[in-house]
Amino acid sequence: MPSTVVAELRDITIAFPGVKALDGVDLVLRAGEIHALMGENGAGKSTLIKALTGVYAIDSGTVEVGGRPRRFSGTADAQAAGIATVYQEVNLCTNLSVGENVMLGREVRGRLGIDWSATHRAARTALELLGLQIDTRTSLSSHSIAVQQLIAIARATVLESAVLVLDEPTSSLDRSEVEQLFAVVRRMRDTGVAVLFVTHFLDQVYELCDRITVLRNGRRVGEFPTAELPRRELVSTMLGRELARLEAIEDRALAVGAADSTVPVLRVEDLGRKGVIAGASLELRPGEIVGLAGLLGSGRTELARLLYGADRPDAGHAEVHGRPARLSSPRAALAHRIAFSSEDRRSEGIIPDLSVRENLVLAVQAQRGWARPLSRTQQDAIVERYMTSLGVQPPMPARSSATCRAATSRRCSWAAGSPRIPSSSSWTSPPAASTSVRRRRSSVRSRTSRPAASRCCSSRRSSRRSCASRSASTCCKTGISSPKSSTRRTSTWMTSSP
Amino acid sequence: MIALRILRHRLFWPIVALVLLVAINTLSRPSFLSITIKHGALYGSSIDILRNSSQLMLVALGMTLVIATRGIDLSVGAVLAVAGAVSLTYIEASPEPGSVGTVTVAVALGLLVTLVLGAWNGFLVSVVRIQPIIATLLLMFAGRGIAMLITKGQITTVTSAPYAEFASGVILGLPVAFLIAVVVVAIVGLLVRRTALGVLMEAVGINPEASRLAGVQSRGIIWSVYAISGLLAGMAGILYSSNIMAADANNAGLNIEVDAILAVVIGGTSLAGGKFSIAGTVIGVLIIQTLTTSITFLGIPPAVTPVFKAVVVIVICLMQSRRVRGLLAVRRRPVAPSVPGTAAIDASAAVSK
């Protein structure tokens, strides 16, 4: 089916201080096609999207929309040119009503200014197309994140755009909501909209997309029709490594997982917090990665926060290395060398105006107290160690962390100080597999904890962070993946069995 | 490249403003910069400015720390008045108002009370979690009432030679008040920059939640900056009352909080908290003090003084605004040939927005 090109990015280069985020990347979006943008963490996906939607200025290269060269000076510009974007983090006004959010800037006008009832009617129609039956006069903040995500998409449909950019729209949706979303995206495709879809879920790519562009380290590896790129090859294309080598890691990982006679590093029993989690139990052994899986709202994040003391547990007890421990605050948890990497990097992870160095040593300094400052040499040692082991690019410790890309700043956000147990909430949400796969063995285990909170299941990914300490065990949270993976030990790098 | 770096330094415009103010003053009255020696002490307009700036310097220093943690301390003027009231009331009641011992106890008492008042502010903000502006507003009004209670509604005047030394004394030709300010600035500067206190304060000010998750004890830090601010305001109160040798509960430190906040902002510390600059605050204080002095020199009627001050402050703040700088930079761009590396700088500017 020959389809017309709606938007074309050619030879796009964007440089940040010291690093080329994009280096001569091409991207072609065709009408009536869903195009997946794939690549591991830091490959440049978000940067490319931001180049298309006018957030970043392009250093060199051309953007053509509808056959005409364009130069967007901002998102409003891009929107006017017919490019609608739905971001991973919902970008709506929580204090406005649902209808106002959907129709913002597109209100129906009557003789006396805005005709509110007609506006809300139009919003309702747009929402119903997505299968959402909600009162458009309710406040946006009264709805769950998933519903807000769908509302954001409804807003994009109202704009009648030629290009719809979906930046990880499914990361906070459950299965049925994803189905709902996909149905809408397909319908939009059939009306001739070009869709750019970014996700980390390989299943979803094969379910939905017609074409795949793969990025690696800021360069385009290639563009493939989905049918011609089997899943395993996609993974190795994204990673730039041979399949055989990845398979070898899989075997080793399973071998490590087999031994479980050791004393757990962290054990919690009936850990709970009123109105949040009704008692969850969990064991974490040395050298282990335990995933917490569950539907949205099942308490994955909440349990991770309790393990770290980010929220104070009001029931249950915890043991670290077999000895009772009170995990009542982040400070207490850090004292037991439990670290935490928040899913909300920007608001909970980094201190934006401080340098990468200051961010890296902050937790260690906080433990020592203000009166015992780390000397420059000690700081350098910590910074050097973590910059190398976590692969912070570019290695510029003096740089303000606010200017780092997402992938970099996430690595910087992590509390240093050779903690033993990174309790992570969703930092694995960036893509399948990562460089650390080759760095160390990681085991993925199936483990069952008590009901409400979570059924622990295998994580799809290995831990970047696990390389921090040889004895690190990791507890990480993942979105629900394919049903198979919860009953079966999978390798660390596959989304699901091929 | 070096010129560019100087131009981009965040204290560049404040320093330019200060130099400009001094230049205008010197032009209109050539004797402005001249310093003479009488009886072993230096005299001159610039020395006056240094001496008069000491109170504001102390208050603004505390304000800088408070603002760095995302807070604000409106009570400094009232706390300043309390310090004077406590010290002078003690001296007045003592049998030997002129003895060094009495003055030492009086000053210690005054500073202790203001430290407690500052700690009270810190308690309200860090433990009770009242918004700083409201928490310190309480003491801004209540403080003058407390001072009134202490002085029983009178303006307490005393005669005590050692106490007068704080404001009018001279050591090595320099005013004691100025030397006190210099020493305190140096101590606080060392305290925040040679220990980790400064970075932890900035972390709390920039992102309280991330700081908490990194294990920073924000409660203790916030509590102590308010206590320090109270203490420094107390020192300013001692200087003020020593200057007039009277405890005036109504007028001591009136509106000094506004000048202090202005000095902090001129010095480049954002009211949104985070990165702070003590050097910036020092320059900010000198600008405000020079401005106040030059208004008298230039014969500007007192009625329009606030307008004149406001204009200068607005101009300085505009020059510091990233946005305004960006606009100026855009206008310059077509002239300057594109240098390799500028693209990266532009990109960083774009990202940091």
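Positions of Cβ are set from backbone N, Cα and C atoms, glycine also.
Any TrEMBL annotation is an automated prediction that lacks curation.
If you check TrEMBL, you get these features:
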- B:12-29: transmembrane segment (TRANSMEM)
- B:74-91: transmembrane segment (TRANSMEM)
- B:103-125: transmembrane segment (TRANSMEM)
- B:132-150: transmembrane segment (TRANSMEM)
- B:170-192: transmembrane segment (TRANSMEM)
- B:221-240: transmembrane segment (TRANSMEM)
- B:306-324: transmembrane segment (TRANSMEM)
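Of the candidate ranges B:12-29, B:74-91, B:170-192, B:221-240, B:306-324, B:221-240 has the most C-beta pairs within less than 8 angstroms of the transmembrane segment (B:103-125).
Looking at B:12-29, B:74-91, B:132-150, B:170-192, B:221-240, the range that has the most CB pairs within less than 8 A of the transmembrane segment (B:306-324) turns out to be B:12-29. Residues of the same chain lying 6 or more positions beyond the ends of the transmembrane segment (B:74-91) and with a Cβ under 8 Å from any Cβ of it are 55, 59, 62-63, 97, 102-103, 105-107, 109-111, 113-114, 117-118, 121, 133, 136-144, 146-148, 150-151, 156-158, 160, 163, 229-230, 233-238, 240-241, 245-250, 252-257, 260. Here the transmembrane segment (B:170-192) has long-range neighbours at 37, 40-42, 47, 50-51, 53-55, 57-58, 61, 65, 198, 201, 228, 232, 235, 239, 243, 278, 282, meaning same-chain residues at least 6 beyond its ends whose C-beta is under 8 angstroms from one of its own.
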